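Asker: Quick one: this structure, given as C-alpha cells, is what I'll be asking you about.
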Amino acid sequence: MFTLLITGTDTDAGKTVLTTALAAYWRTYFPSQSVALLKPLQSGVGDRELYRELFALNQPPEEINPLYFQAPLAPPLAAELEQRSIDLSLPWQTLVKLRQSYDRVLVEGVGGLGSPITWELTVADLARDWGLATLLVVPVKLGAIGQAVANVALARQAGVNLKGIVLNCVQPRSETEIAQWAPADLITNLTQIPVLGVLPYLGDRTNLAQLAAAAAQLDLEAFLSA
C-alpha cells in the first residue's frame with residue numbers, strides 16, 4: 001500500500017494537475033493496482049467534482065472529500081462562516097479506510113504547504129502528523145527558485161518527509177523560460193531534494209491520455225525507490 005501527499009508552494013501551483021496526472025498514469029500503465037483519491041479538506045467547488053468526472057470513481061463524495069466548506073477561503077475561515085468546527089479525525093479515519101482497501105492513495109493538500117487547515121495547524125503539520133510521503137509542486141515562473149527553497153525549508157522545519165519536487169507549467173513556457181526561471185539542477189543543489197521533472201502546460205486538463213503521458217515523463221522510478 002502506497003500513500004502520497006501532493007502539496008504546492010501556493011494555491012494555484014498545480015496540485016490538482018499532478019494528482020490527476022499520477023492517478024491517470026497508474027490507472028493506465030498499472031491497471032491491476034487500485035487507486036483512490038482523497039481531498040481531506042476542500043473550500044469551494046473544485047477537486048472532488050473533477051475527480052469523479054475524470055475517473056468515474058466508485059468512492060462516494062464524502063469519501064473523496066470528508067470535510068467540505070462552501071466559501072472559497074482558508075478552511076478555518078470558511079468553517080467559521082458556517083459556524084462549524086474542523087475535526088481532523090474524520091479525514092484521518094477516511095485515509096485509514098482507503099489504505100485498507102486500495103493499493104495506492106493520492107492525497108491532495110489544500111492551498112500551499114504553509115496554508116492553514118485549522119487555527120493551529122498547517123498542511124505541513126498534517127503531512128508530518130499523518131506520516132505522509134510528500135511531493136512539492138512548484139510553478140514555473142519568475143521567483144520559482146526562491147519559492148522552492150523557502151518551502152523546502154518549511155518542510156524540514158516541520159518534519160515533513162519530502163520526497164521530491166515537480167515543476168509545473170501553469171502557462172505555456174518555452175524551454176528557455178523553464179531553464180532560466182526554474183532550473184532543476186540549481187533547485188536540487190540548493191534544497192538537496194530531487195526535482196523529478198517538469199509537467200508541461202496542459203490546455204485540456206480532462207484528457208486522461210495526456211495526463212498519463214505527462215506523468216510518464218517524470219522520474220517516478222527514482223522517487224518510488226527512494
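Including glycine, each Cβ sits where the backbone N, Cα and C put it.
The shown structure was predicted, so the numbers you read here are calculated from the model rather than taken from an experiment.
Checked Swiss-Prot, it gives:
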- 12-17, D47, 108-111, 168-169, 200-202, N207: ATP binding site (BINDING)
- T16, D47, E108: Mg(2+) binding site (BINDING)
- K39: active site (ACT_SITE)
- S43: substrate binding site (BINDING)
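Describe the structural surroundings of these features, if you would.
Answerer: Neighbour count (other Cβ atoms within 10 Å of the Cβ, all protein chains): 23 for V110 (ATP binding site). V110 (ATP binding site) falls within neither a helix nor a strand when secondary structure is assigned with DSSP, and so counts as coil.
The Cβ of E108 (Mg(2+) binding site) has L5, I6, K15, T16, T19, L37, L38, K39, D47 as same-chain neighbours under 8 Å, each 6 or more residues away in sequence.
DSSP gives K39 (active site) a coil state; it is part of no helix or strand.
Residue density at S43 (substrate binding site): 21 other Cβ atoms are found within 10 A of its Cβ, drawing on all protein chains shown.
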Asker: How big is the gap, in Å, between the Cα of L202 (ATP binding site) and that of S43 (substrate binding site), rounded to a whole number?
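Answerer: Roughly 24 Å, rounded to the nearest whole number.
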Asker: Sequence gap of 6 or more, Cβ distance under 8 Å: name the residues on the same chain that satisfy this around C169 (ATP binding site), in order along the sequence.
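Answerer: The list for C169 (ATP binding site) reads P139, V140, I178, V198, L199, P200, Y201, given in order along the sequence.
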Asker: Taking the center of the Cβ atoms of T16, D47, E108 at the recorded Mg(2+) site, which other residues in this chain have a Cβ no more than 8 Å from that point?
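Answerer: Along the chain, the qualifying residues are I6, K15, T19, T20, L37, K39, G46, L50, Y51.
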Asker: Among all the protein chains here, how many other CB atoms are within 10 A of the CB of L202 (ATP binding site)?
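Answerer: L202 (ATP binding site) is surrounded by 19 other Cβ atoms within 10 Å.
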